[in-house]
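**Student:** Structure below; questions to follow.
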Amino acid sequence: MDVFKQSEVWFVIGSQNLYGPKTLQQVMDNAHQVVNSLNSEAGLPVKLVLKPLVTTPDEITALCREANYDTACIGIMTWLHTFSPAKMWIGGLSILNKPLLQFHTQFNAQIPWETMDMDFMNLNQTAHGGREFGFIGARMRQQHSVITGHWQDKEAHQRIGQWMRVAAAKQESQQLKVARFGDNMREVAVTEGDKVAAQIQFGYSVNAYGIGDLVAVVDAVSKGDIDTLVEEYEATYRFSDAVKLNGDKRENLLDAARIELGMKRFLEQGGFKAFTTNFENLYGLKQLPGLAVQRLMQQGYGFGGEGDWKTAALLRILKVMGTGLKGGTSFMEDYTYNFQPGNDLVVGSHMLEVCPSIAKEEKPLLDVQHLGIGGKADPARLIFSTPAGPALNASLIDMGNRFRLLVNVVDTVEQPHPLPKLPVARAIWQAQPSLATAAEAWIIAGGAHHTVFSQAVGVDELRLYAEMHGIEFLLIDNDTTLPAFKNEIRWNEVYYQLNR
């Protein structure tokens, strides 16, 4: 999934004409060096494109308007090398609808104590030029990101890369289409929500399709395409005896391959990058899509079970953010607990649909086993465990007057004992700060039972994503205490009521 290749971030230098052509030329020469260095040495996921120097209100407004309509541009990164009077930026910032990052840096890392004169001081004015720019953003009540540090600093590089990933995710959100196969699981509350409000807030559209629409595409899949896909399965996974050639569940595997091919074809034809299924809406399908969903998630699609479109969209967004990073991202559900003093654990899984991008095993086991839910034939699925390491669970919920993004930091652990009778993929983790506090805080905040589990994307990216969209962000980690967490929820309630 190469979502960054066609994207770019515009690097914009603001100044004013009173400095004269010589100084302004030096500013642009320095900017060229900074951009070239960042593109070649900083490991950024998205290319920086240096734009012409802007020194007047008309130039700034024209540039912001151009950025809005350029589909390759996912955001603007500004550097106030000199002083740029911020009233000049009001017109441009008032129409800008792309993410904005203020890089508060300067060309020189250290002060040249013995040679510094007023010419040097006039050229290198980031320290107060950046403050002028910051004021107008605050005065206009426009949230923009600020990163401070020298342009050769590794930490600054990392933070710029994070911002780029989130900017790309916002761009993806604006064009994302989510397909719901069937409707919501009956009587379930948290998977419901205001899809119109979500499209206004995030940009993505959510539409439902009768299961018959999918079945028609599935039934049209050819035997040759199925055979080719099964060959891919055989090269990629370990097979149980039941699904090997002449195995008693071989036909179930072929049916699963047909469903995968049909489902992917449907999504591709409609331009969908996320989807949901529901085991209560399976008429015409021979089995609940398990293997198909797992493999589509690994290819970058978002997914939510039981019609959970918010989790499906969020999963796609995190897939975009985490492109190229170590670790995977999956649909997940807190399934059962291990209450043991000093070793409280959570087993996360789902009926079938856990993404192999988080698999510890190089070749997961492909098997067909009974599923007591859905009333269909035994479904195919990949079975694996998850490697130890830091991770998080994220949930997007509709609070009526706002959307809330809830995140719990967790520590994934090695599976402590074999699970010979559990025929599904799973992850096992210790919740921060403890199982008791994390679970109570999650429940108090109304967090969903479905989550996006990620070992690739971190808290900083999700907090920034919430800021870019103007939604509530709540974090449960080692610093969380329940009294403070409850107070934060109360304060947020007041803020979002006043800020409607």
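Glycine is treated like the rest: Cβ placed from N, Cα and C.
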**Student:** Per Swiss-Prot, which of Glu306, Glu414, Glu467, Glu472 sits in the Mn(2+) site along with Glu333, His350, His450?
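**Tutor:** Candidate in the recorded Mn(2+) site: Glu306.
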**Student:** Count the Cβ atoms, other than its own, that fall within 10 Å of the Cβ of His450 (Mn(2+) binding site), considering every protein chain shown.
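**Tutor:** 26, counting other Cβ atoms within 10 Å of His450 (Mn(2+) binding site).
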**Student:** Name them in sequence order: residues not among Glu306, Glu333, His350, His450 whose Cβ is within 8 Å of the mean position of the Cβ atoms defining the Mn(2+) site.
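**Tutor:** For the Mn(2+) site, the extra neighbours are Gly304, Gly305, Asp308, Thr311, Phe331, Met332, Met351, Glu353, His449.
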**Student:** For the binding-site residues Glu306, Glu333, work out the Cβ neighbour count at 10 Å and name the residue with the minimum.
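**Tutor:** Result for the binding-site residues Glu306, Glu333: minimum number of other Cβ atoms within 10 Å at Glu333.
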**Student:** List the same-chain residues at least 6 positions away in sequence whose Cβ sits under 8 Å from the Cβ of His350 (Mn(2+) binding site), in sequence order, or say none.
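**Tutor:** Gly305, Phe331, Met332, Glu333, Tyr335, Val424 - these are the non-local Cβ neighbours of His350 (Mn(2+) binding site), listed in sequence order.
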